[in-house]
Each structure stands twice: as C-alpha cells, then as structure tokens.
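> Structure in structure tokens, see below.
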Amino acid sequence: MTATLWTNARIVTADGTTTPSAPGALELLTDGGKIVALGADLPRQGAKIVDCEGRLMTPAPIDCHTHLVFGGDRAFEFEQRLDGVAYEEIARAGGGIKASMRATRAMDVDQLVTASLPRLDHLLAEGVSTVEIKSGYGLSVEAELHMLRAARAMETQRNVRIRKTWLAAHALPPEYAGRAVDYIHEVAIAGLNAGHAEGLIDAVDSFCEGIAFSTEELAPLYARAKALGLDVKIHSEQLSHAGGTAFAARHGALSADHLEYATAEDAALMAASGTVAVLLPGAFYTLRETVLPPVEAFRAAGVPMALSTDCNPGTSPLTSILMTMNMGATLFRLTVSECLKAVTCNAAQALGLSNETGRIAPGLSADLALWDVESPAQLVARIGFNPLHSRVFRGAECPQ
Ligand code: NIG
Ligand code: FE
C-alpha cells in the first residue's frame, strides 16, 4: 500500500482533545494501514495526496456493544409494550431473549450472516469500522458458537474489525429452567472452552439481573475466563441494582454496560479497576426507562464513558451510531466532546483496543471517517442525518 497524505482536513484526534484543528493546519500521513505521522507540512515525496476540502476528520466510530447477529424479529413485542405490557413480563412469559433464541436456533451460520449483514451495513454507512458482536441468542453450546462463527464470517465479507464476545450467560433457556448453576457449567463454561479452542472468543460477558443471572451463579464463569486469559465485561444494573458492577470491577472488567441503577459507590469501584461505563441510550429510550445512569458520578470519579447502539431485536433495535450520540447528549446530558470520545477512544478502551484504534495518533490503525460538516456539534445535534463523506479502514477508502 502506498503512503497517503491527507491534507486540508479539520482533524479531531480524540487523543486528549476533540477540538478540530483549523483546516489545513495539520496533515496526516498513513502507510501500510497505519497512521505514520500527524503534523504541519509533512514530507510529500512519493505519497498519494488526498485533499479533504475542509471536511471534518475523526477516528472512525466504534460500536462497542451489539447483539447484531440474531434470527427473527420482535416487532410484535414492541406492539405488546405499546399495549402496556412490561419488558420483564414479556421475558418471564417466554418472549424477549427466548423468542430470539428460538429464531436464532432455527438458522445455520450462513442464514445468520445473511440476516445480520444489513444491520452491519447500516453501521458501516455511518463510518463505523470496529464492531463488537455478542453471542447470547443461541443458549446452547452449538447455537452460541454458530453466532460467533457468523460474526467471524461477516468480518471476511466487509472492511471491518469485529470483536467477538461470549454471552452465553444472557438468559436461561427453557430446558435449564430452575437449573442456572448447571447451565453455567454445561453451556456457558463448556462452550467457552470450545469457542476459545476455536479462536472464536475475544471477551466474556453476562447479563446480571433478576431475570437473568446472579453474581454467585456467574462467579465460576468469570473464574474460567480469567484462567483462559480472556477479558471480561458485564450487563449490569439495567433494570435494578443486582450488584453486577461491583462484581465486574472485582474481576478487572473492561466495561460494565447499561448502568441506569448504578451508584456512586459502583462508579468509585469502576474508577479503581479501570472499567469503562458503556451507556446504551437506545435501550433506555426503547424501554422508556426513567432512571438515568449516574453520569455525574462517573465524571466525578473519572470513569471513561462510552456510548453504543446495543443493537438487538428487543430493547434497542438501533443501527445508528450517530443517533446513539444524539441520544447520549439529549437523554443522558453528555457534552458533544463526551459523545465523540464515547464512540471513539473510550469505545476502543471498552474493547481493549486502545493501542489499535479509536484515536488519530501515530502507530494506530488508520481507521478514519470524513464528514461533510465542520464541527463535532454538527455531527451530534442533528437527527436522522448522515453526513459521512467517506470511511477509511486500515488506510484505504472503502466504497460505500
Ligand atoms: O443489552 N440486557 C440484556 N440484553 C439485551 C437485550 C436483549 C433482548 O431483549 O433481546 C440488552 O439490552
Ligand atoms: Fe446488550
């Protein structure tokens, strides 16, 4: 790959600052898929010159929490909720995650890829270049592995980096009703061992909640993840305070996600363990939640905040990282600068990718987005507006 010099952009590095440089004040040199240099008047010899014509350049957005591989559709549950039925009620009656489980189990890997690619493509159309995809709708060893095999296959079919997360501890399937401990050993841990041996798993996640798993039930799974040297994450304090955040912090989790019912004590523990708060306004919005995540406590404690779509068929049928930023600002009162960091450098940190992507800094992958706007505020303020001019993945401009 030849060296490329990107000139005349307003560059937001997200490496400490989100203030754009004046157009042309900084140039960017990329080569071999990496960022080589950022500075004024860089040497031009041999480099292909790309004139960015004053556009805003940011690190390519990262969607650090998705469930975008699944079968079926749950629009009928949306209608049930419009009739006043609560999400937890639907889940306890065999809907929710279990409805997606039935549809997902009915599909093979190719069918899952075909069903899921359009969702991935929506994200890519807004500049996203790294996506985390969780299992969690198979709930058997084979069906969970199928989901991550589909995620792996999607990475070969698009210009994108995909991180694969093992979320077998998402819900208890009917055949294990009343036997959570057996499920954790026979499915979550057995499948983790198999998936790890197949090189399918980057991190381990779980749903810690009254309708899902307790910290006691999850402990052996996190111990096994640690023994395998895998990073861990958690869905915690989404519908109630079930203690998952403190548990995850004790395990040095990369991130704790949702967090509407988290406390200032949880925030302090997260700060001490270097755990990122991944906020998911799409789920908050869809469930019409009224309890806000403790953003002020995260700020005060210095916990990095990320934002993500949580793309899933039930609580967050959202495939727009731009809308997610807007919701982060409007619903959670994050500043524009916080929203931008939340989908770039902090999202990278939530995936353990800080040294690979999420900032414009020498040595990192040249994953960039060029936008037909002048300021980050113009990216975050508008609704249903996609000003992406081009997406650059590993130094190469991707066809839209
Ligand atoms: O992140 N919280 C648990 N899991 C998903 C929703 C799962 C579903 O309803 O399908 C979430 O919101
Ligand atoms: Fe989720």
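The chain as shown is numbered from 1 upward.
Any Cβ shown, glycine's included, is placed from N, Cα and C.
Whatever TrEMBL says is automated annotation, not expert-curated.
Pulled these from TrEMBL:
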| type | residues | note |
| --- | --- | --- |
| BINDING | HIS65, HIS67, HIS235, ASP310 | Fe(3+) binding site |
| BINDING | HIS65, HIS67, HIS235, ASP310 | Zn(2+) binding site |
| BINDING | ARG74, TYR137, HIS170, GLN238, THR315 | 4-imidazolone-5-propanoate binding site |
| BINDING | TYR137, ASN312, GLY314 | N-formimidoyl-L-glutamate binding site |
| DOMAIN | 108-374 | domain 'Amidohydrolase 3' |
> Based on a Cβ-to-ligand 2 distance below 6 Å, what subset of the binding-site residues ARG74, TYR137, HIS170, ASP310, THR315 would you report?
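Among ARG74, TYR137, HIS170, ASP310, THR315, near ligand 2: ASP310.
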> From the centroid of the CB atoms of HIS65, HIS67, HIS235, ASP310, the recorded Fe(3+) site, which same-chain residues not already listed sit within 8 A by their CB, in sequence order?
THR66, LYS134, ASP257, HIS258, VAL278, LEU280, ALA283, SER308, CYS311, ASN312, SER316
> Across all protein chains in the structure, which of the binding-site residues HIS65, HIS67 has the highest Cβ count within 10 Å?
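When each Cβ's neighbours within 10 Å are tallied, HIS65 tops the list.
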> State the three-class DSSP label for HIS170 (4-imidazolone-5-propanoate binding site), counting H, G and I as helix, E and B as strand, and everything else as coil.
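Once the DSSP labels are grouped into three classes, HIS170 (4-imidazolone-5-propanoate binding site) ends up as coil.
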> Taking the Cα atoms as reference points, how far is THR315 (4-imidazolone-5-propanoate binding site) from HIS235 (Fe(3+) binding site) in Å?
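Rounded to a whole number, the Cα-Cα distance is 13 Å.
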> If I take the alpha carbons of HIS170 (4-imidazolone-5-propanoate binding site) and HIS235 (Fe(3+) binding site), what is the distance between them in whole Å?
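On Cα coordinates alone, these residues lie 9 Å apart.
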> Filtering ARG74, TYR137, ASN312, GLY314 (binding-site residues) by proximity to ligand 1: which pass a Cβ cutoff of under 6 Å to any of its atoms?
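Near the molecule: ASN312, GLY314.
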> Please average pLDDT over the domain 'Amidohydrolase 3' (108-374) for the predicted structure.
98
> Take the C-alpha atoms of GLY314 (N-formimidoyl-L-glutamate binding site) and GLN238 (4-imidazolone-5-propanoate binding site) and report the distance between them in angstrom, rounded.
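Spelling it out, the Cα of GLY314 (N-formimidoyl-L-glutamate binding site) and the Cα of GLN238 (4-imidazolone-5-propanoate binding site) are 14 Å apart.
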> Name the residues of the same chain, 6+ apart in sequence, whose Cβ is under 8 Å from the Cβ of ASP310 (Fe(3+) binding site)?
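Non-local contacts for ASP310 (Fe(3+) binding site): HIS65, THR66, HIS67, ASP257, LEU280, GLY282, ALA283, SER316, LEU318.
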> Among the binding-site residues listed here, GLN238, ASN312, THR315, which has the most company in the form of other Cβ atoms within 10 Å of its Cβ?
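For the binding-site residues GLN238, ASN312, THR315, the Cβ with the most other Cβ atoms within 10 Å is GLN238.
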